[in-house]
């Protein structure tokens with residue numbers, strides 16, 4: 001056996017076992033320590049070249065230089081819109097949700113005031129530094145509301161108005177480090193890509209984490225099993241929400257010890273978390289004494305304070321932090337999102353307004369589409385009401401409106417481009433009630449379009 005070992009050679013350089021310090025065996029192959037060192041040198045050179053190309057990239061140079069304090073912040077304090085101005089802009093884009101819009105306006109205004117305050121403190125002369133200067137901490141925001149109530153739209157509208165980098169992340173794809181799925185640092189990579197890889201600009205942006213309720217702890221007992229997509233993700237997000245220097249892989253994916261990472265300071269990034277939190281109303285009502293377990297008697301019902309009884313749609317207005325803990329969010333996570341805005345469930349009247357009032361309302365969108373075919377589209381007020389009623393029945397919020405109108409307009413959008421003699425079209429309530437079973441009657445050129453509605 002010893003004679004056989006003496007003839008072992010490196011499969012790469014062909015040196016025998018006696019000529020090298022170490023010979024590592026694999027499945028049918030061998031490699032010596034010298035070849036391993038050579039491979040490491042090759043990998044290091046490749047990493048250096050990659051980093052040099054990244055630093056010289058035109059995308060990085062397109063934005064403002066990082067080392068210039070006068071231009072590193074997108075705007076000065078004097079140009080930041082006041083909360084009333086922010087809410088006015090939100091009113092033009094989002095219908096309803098007055099309380100949530102007011103909370104967002106104040107929170108965003110204070111956030112950028114804090115950024116400007118920090119910039120002024122950093123630019124002070126070293127001789128005049130005040131060790132007792134007040135440090136302003138950021139306040140992340142939690143949006144709670146049913147699906148289709150406008151959580152994502154509010155965040156996107158804010159980013160559009162403030163003209164800062166804005167990224168949307170999905171919490172359902174995140175897992176704890178070491179498991180299949182995305183690391184939490186990939187959220188910052190999306191913000192970097194929106195900033196064209198400008199770190200300084202990304203550090204002043206906004207990140208909206210959607211479906212945050214899906215990372216709630218699966219059980220109230222944290223010791224039952226390891227929850228890598230629930231509590232584990234909450235633990236991983238703690239430092240990022242509070243403010244830390246995060247290492248982000250420039251190509252995404254998992255971090256590798258031999259790959260260079262981009263460092264981002266998250267203390268200046270505003271995080272907005274949103275979720276539907278289905279079932280949270282029941283937790284609030286149970287705390288208020290609305291529900292009881294098992295059979296009840298008249299004497300039991302008399303013990304319930306009638307003043308505390310609330311409708312299920314208004315239960316979230318009485319939300320407390322303990323309710324979120326019972327839902328599955330850990331206290332440390334809740335403590336890093338101090339601002340909480342509860343969005344109202346959309347009513348039929350609100351859905352009608354959403355169809356017609358905003359700048360990008362669905363009715364205006366389809367009117368614009370048909371105007372490109374030289375057709376004037378009109379909606380009867382009763383038809384708008386019928387569409388809103390159908391959307392309210394589907395219980396998916398404003399998202400149901402587009403689905404209904406797309407279904408309503410499908411046949412019309414298919415036939416109208418080929419009928420050049422028709423110049424006007426009106427959507428009626430009967431068309432909606434009859435599930436869009438309308439027929440178009442052709443008329444002589446130059447006449448208006450008439451809708452023949454089947455019974």
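Think of each number as a place in line: the chain as shown, counted from 1.
Backbone N, Cα and C define each Cβ position, glycine as well.
For 10, 13, 32, 35, the entry in Swiss-Prot reads Zn(2+) binding site. Taken from Swiss-Prot, the feature ATP binding site applies to 146, 147, 148, 149, 150, 151, 152, 153, supported by sequence analysis. If you look up Swiss-Prot, you'll see 1-51 marked as domain 'ClpX-type ZB'.
Most other Cβ atoms within 10 A: among the binding-site residues 146, 148, 150, that distinction falls to 150. Mean pLDDT of the predicted structure over the domain 'ClpX-type ZB' (1-51): 79. Residue 147 (ATP binding site) counts 15 other C-beta atoms within 10 Å of its own C-beta, drawing on all protein chains shown. Note on the domain 'ClpX-type ZB' (1-51): DSSP counts are 26 helix, 8 strand, 17 coil. Same-chain residues with CB within 8 A of the center of the 146, 147, 148, 149, 150, 151, 152, 153 CB atoms, the ATP site residues themselves not counted, are 145, 274, 343, 397, 398, 399. Comparing residue 10 (Zn(2+) binding site) with residue 152 (ATP binding site), their Cα atoms are 59 Å apart once rounded. Distances between the Cα of residue 148 (ATP binding site) and those of the binding-site residues 13, 32, 35 are shortest for 35.
Summary for the binding-site residues 149, 152: the Cβ-based neighbour count within 10 Å is maximal at 149. With the fewest other Cβ atoms inside 10 Å of its Cβ, the least crowded of the binding-site residues 13, 32, 35, 153 in this structure is 13. Ranking the binding-site residues 13, 32, 35 by the distance of their Cα atoms from the Cα of residue 151 (ATP binding site) places 35 first. Residue 10 (Zn(2+) binding site): 21 other CB atoms within 10 A of its CB, across all protein chains.
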